[in-house]
């Protein structure tokens, strides 16, 4: 799992800027995607090509049939999926660190959150687009079941060739699990985006306004109707 450490640390840094629902997405990403893929996925698909057996000895036939059956290796597709999903969050963390390091760009936490929120919302939108795109790609490329038998009619195979996939049931279960995790992740991302848009931009410090004078209630001091009124700040990226 050492190769996943850098990616996990970048994702973990996102929680500083995420609302609660975004932290749930992060838990799903770290536990049910990166951890499962690193510990289980490699074992499920490591023999994918070696154990792909075809009933022919024609040179070049087996690689061509394997390419037809699996245009992209399941495992490489899932790894690429994780990397693309992590890219918006990682880029946002890099941008946030760069902004904080600029002279005069420190400020109060509320000010930093106000400057970073549009970029964070943009990263969530890109993440949702990537999530839906990969879910569609998984459905179109592989469907939802790994067939135990693949019939190949490509050259240089001299005739119809039957090829057999190793452990199709186990791979089908893993694909179903990963697709459900993808749906949950997409729903969490949509909920996070809705939360951020509903929450609105952070209130600027000192942006108090005077309410419209509507007359004084009985017993109300004379100057209270015109006193500045400051609404509670809504703009922190955390909940």
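Every residue, even glycine, has its Cβ placed from backbone N, Cα and C.
In TrEMBL, annotation is done automatically, which means it is predicted and not curated.
Remember, predicted model here, so these are calculated numbers, not experimental data.
So that you can see what the record holds, here are the features copied from TrEMBL:
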TRANSMEM  21-40  transmembrane segment
DOMAIN    43-76  domain 'Connexin N-terminal'
TRANSMEM  77-98  transmembrane segment
TRANSMEM  119-141  transmembrane segment
DOMAIN    130-196  domain 'Connexin cysteine-rich'
TRANSMEM  175-194  transmembrane segment
REGION    208-239  region 'Disordered'
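Broken down with DSSP, the domain 'Connexin cysteine-rich' (130-196) shows 42 helix, 8 strand, 17 coil. With a threshold of 8 Å between CB atoms, the same-chain residues lying at least 6 positions outside the domain 'Connexin N-terminal' (43-76) that come near it are 37, 141-142, 150, 152, 154-158, 161-167, 170-171, 174-175. Applying DSSP to the domain 'Connexin N-terminal' (43-76) sorts its residues as follows: 15 helix, 2 strand, 17 coil.
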